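Marked as ATP binding site by TrEMBL: Ala22, Ala23, Gly24, Lys25, Ser26, Val27, Arg127. What TrEMBL lists as Mg(2+) binding site is Ser26. Per TrEMBL, the feature substrate binding site maps to Asp44, Arg67, Gly90, Arg145.
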Amino acid sequence: MSPNRGRRWSPEGHLVLMGFMAAGKSVVGRGFASRQGMPFVDTDEAVVARYGPIAGIFSAYGEHYFREVEARTVAAALEARVPAVISLGGGAVLDSGTQQLLGRATVVFLDTDLATVLPRITRSGHRPLLAPDPVRRWQELADIRRPIYESLADITIDTRGLTVPAIIDRLTSVLTKGED
């Protein structure tokens with residue numbers, strides 16, 4: 001774990017998990033929210049529930065339209081009065097409006113590497129941004145997005161080599177006990 005902006009989390013505010021595609025944001029967020037007795041919002045799942053599969057949105061309307069829908073979905077989650085654990089899609093932070101809204105929440109960057117996510121991205125057929133070469137595209141996106149994640153994060157947790165329960169334990173320790 002490394003501190004970034006130094007903000008500490010309070011259960012009275014939103015906790016946002018961001019990071020690379022296939023980093024485990026959804027499963028970690030769901031587990032942490034359950035442990036804390038908080039609502040969980042997966043913005044990708046919210047987009048799918050309202051607009052249909054992400055791959056279908058990309059193929060029918062393009063990435064630009066998807067990013068608009070995603071930004072509106074993230075804004076709605078961050079503007080909700082009830083504090084929640086919110087998992088963002090990997091590219092949600094590309095939107096400047098989303099970046100500004102993240103100032104209202106405690107933001108955790110779940111950092112990882114290609115070796116960790118490789119099994120997940122190569123077996124998944126629903127990641128349109130990775131076509132046609134998932135390994136090359138993941139690395140390209142990571143190179144572009146890493147500086148953005150680092151600049152927006154209040155806290156960074158290195159998840160490499162950790163199981164999901166271990167990541168949730170680490171997140172819990174850092175956020176509720178202030179441990180490094």
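Note that Cβ sites are derived from N, Cα and C of the backbone, with glycine treated the same way.
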Practice task
State which of the following binding-site residues has the fewest other Cβ atoms within 10 Å around its Cβ: Ala22, Ala23, Val27.
Solution key: Val27
Problem - For Val27 (ATP binding site), the three-state class that DSSP assigns - result: helix
Completion exercise
For Gly90 (substrate binding site), the close binding-site residues (Cα within 10 Å) drawn from Ala22, Ala23, Ser26, Val27 turn out to be Ala22, Ala23
Practice task
Give the maximum pairwise CA distance in Å, whole number, for the residues Asp44, Arg67, Gly90, Arg145 listed as binding substrate.
Solution key: 18
Completion exercise
Val27 (ATP binding site) sits from Asp44 (substrate binding site) (Cα to Cα, rounded, in Å) at a distance of 12
Problem - Integer Å distance between the CA atoms belonging to Arg145 (substrate binding site) and Gly24 (ATP binding site) - result: 16
Practice task
Pick out which of the binding-site residues Lys25, Arg67, Arg145 has the most other Cβ atoms within 10 Å of its own Cβ.
Solution key: Lys25
Handout entry: Arg145 (substrate binding site) versus Ser26 (ATP binding site) - Cα distance in angstrom
Key = 18
